[in-house]
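Before any comments, here is the structure.
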């Protein structure tokens with residue numbers, strides 16, 4: 001209601017420039033009661049909807065669905081860079097398209113902020129990918145990094161978390177494009193050939209700092225204030241309660257991505273009871289979550305056990321890659337089904353690979369990027385740096401779900417590659433197909449809850465009966 005129905009910025013008699021001085025709800029940013037949610041591009045899209053169809057909800061929903069379709073297409077295209085042409089890319093795209101966690105962002109009109117931010121998030125990332133592939137060989141490479149910066153700024157003007165794409169671009173450059181490991185980062189600083197890499201990272205860092213500085217200045221250099229019921233943990237006087245609860249909430253969010261059985265439009269008040277003591281059994285979930293996350297990140301950054309360094313170049317199973325990058329196993333290449341990605345031939349009794357395209361990143365590299373996509377865009381919602389006006393909000397998982405979908409896909413691919421028997425391979429593939437089907441069915445059911453306000457409130461009674 002506040003974002004559209006009573007928002008004066010949508011009316012034609014209101015100067016459109018007011019959008020850039022007001023928050024998402026039409027309140028002046030410097031006002032003491034402002035929510036400080038600065039999303040002018042999203043408000044501008046609402047104004048355009050209003051100009052075309054007034055308050056008829058059909059047009060608003062249609063734009064949301066079109067944006068979700070565009071994001072799904074861009075995400076699938078980005079997945080091709082990681083998985084190549086084949087069914088693994090298709091699986092990643094289908095997982096994203098069908099995930100029930102997206103229902104709030106797509107079916108709820110104000111969720112457009114997250115979809116629009118994700119659209120320009122991916123455009124920025126794709127521009128930076130082009131910058132990496134043309135760096136040092138084409139003068140247009142700096143045009144691509146300029147495009148990446150502009151799209152990152154647009155993403156932030158759709159929703160604040162869009163600026164995190166700059167950090168994801170850095171991770172892509174270091175761990176996917178250059179395929180560096182943790183122990184190689186410091187030596188890489190002293191190599192002249194890496195000057196362009198660090199110059200690109202410096203540009204991204206400077207641009208991100210500038211965007212955040214302007215954003216803070218524009219909203220009056222003051223954080224927003226929220227109702228106690230919106231985020232009870234932030235209002236707690238106990239440091240232990242705040243700490244245990246805030247560490248637990250990411251675990252709850254991951255469970256919503258993994259098993260979106262119970263979804264709600266409102267997780268405020270006591271929907272997630274505060275963790276007030278170390279003896280609370282939910283702390284076990286927290287420990288398991290962070291331990292698993294750290295182990296996954298450690299083994300991914302460390303690299304495979306059958307990979308070692310030889311004269312500064314990577315060697316796997318006794319075979320050295322001429323450009324210093326590690327190859328996938330022969331079995332993995334067969335299952336990836338990359339069209340003309342690598343041509344192999346026998347020459348003097350030695351099998352050689354000729355690269356006709358960029359080599360696909362290893363499983364470890366994809367896991368690092370996936371974890372970054374899962375974690376970094378979610379950081380603004382963790383209450384670690386500033387308090388937010390919600391406990392859990394499914395719409396904020398729209399961007400992080402890309403990392404989740406990539407993580408599931410690379411895990412399924414690893415199981416498929418390691419399975420020796422055809423029966424096990426078929427089992428992995430059919431289980432993945434079943435997961436996509438069940439996600440899709442849950443999405444259909446969840447859309448029914450968003451048909452009208454009464455059904456939406458009824459659907460949330462189980463999660464938040466007090467509200």
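Just so you know, glycine gets a Cβ as well, placed from its N, Cα and C.
Here the transmembrane segment (58-75) has long-range neighbours at 4, 45-46, 49, 52, 92-93, 96-97, 102, 105-107, 109, 111-112, 115-116, 118-119, 122-123, 126, 402, 405, meaning same-chain residues at least 6 beyond its ends whose C-beta is under 8 angstroms from one of its own. Look at TrEMBL and you will find 58-75 (among others) tagged as transmembrane segment.
According to TrEMBL, the transmembrane segment annotation covers 109-129 (among others).
Here TrEMBL flags 194-218 (among others) as transmembrane segment. Within the chain, the transmembrane segment (194-218) has long-range Cβ neighbours (under 8 A, six or more residues past its boundaries) at 29, 38, 128, 131-132, 135-136, 145, 148-149, 152-153, 156, 160, 163, 166-167, 169-170, 173-174, 178, 188.
TrEMBL lists 221-293 with the feature domain 'DUF1736'. Mean pLDDT, taken over the domain 'DUF1736' (221-293), works out to 86 on the 0 to 100 scale.
Here TrEMBL flags 284-301 (among others) as transmembrane segment.
The annotation transmembrane segment is assigned in TrEMBL to 366-390 (among others).
Panel annotation: around the transmembrane segment (396-416), residues 75, 79, 82-83, 88, 91-92, 95-96, 99, 101-102, 105, 111, 114-115, 117-118, 121, 161-162, 164, 253-254, 256-258, 335-336, 363, 366-367, 369-375, 377-378, 381, 425, 428-429, 432, 435 of the same chain, lying at least six beyond its termini, place a Cβ under 8 Å from a Cβ of the stretch. What TrEMBL lists as transmembrane segment is 396-416 (among others).
The annotation transmembrane segment is assigned in TrEMBL to 423-441 (among others). Listed by sequence, the residues of this chain that lie at least six past the ends of the transmembrane segment (423-441) yet keep a Cβ under 8 A from its Cβ atoms are 91, 94-95, 98-100, 260, 408, 412, 415-416.
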Residue distribution over DSSP helix, strand and coil in the domain 'DUF1736' (221-293): 36 helix, 0 strand, 37 coil
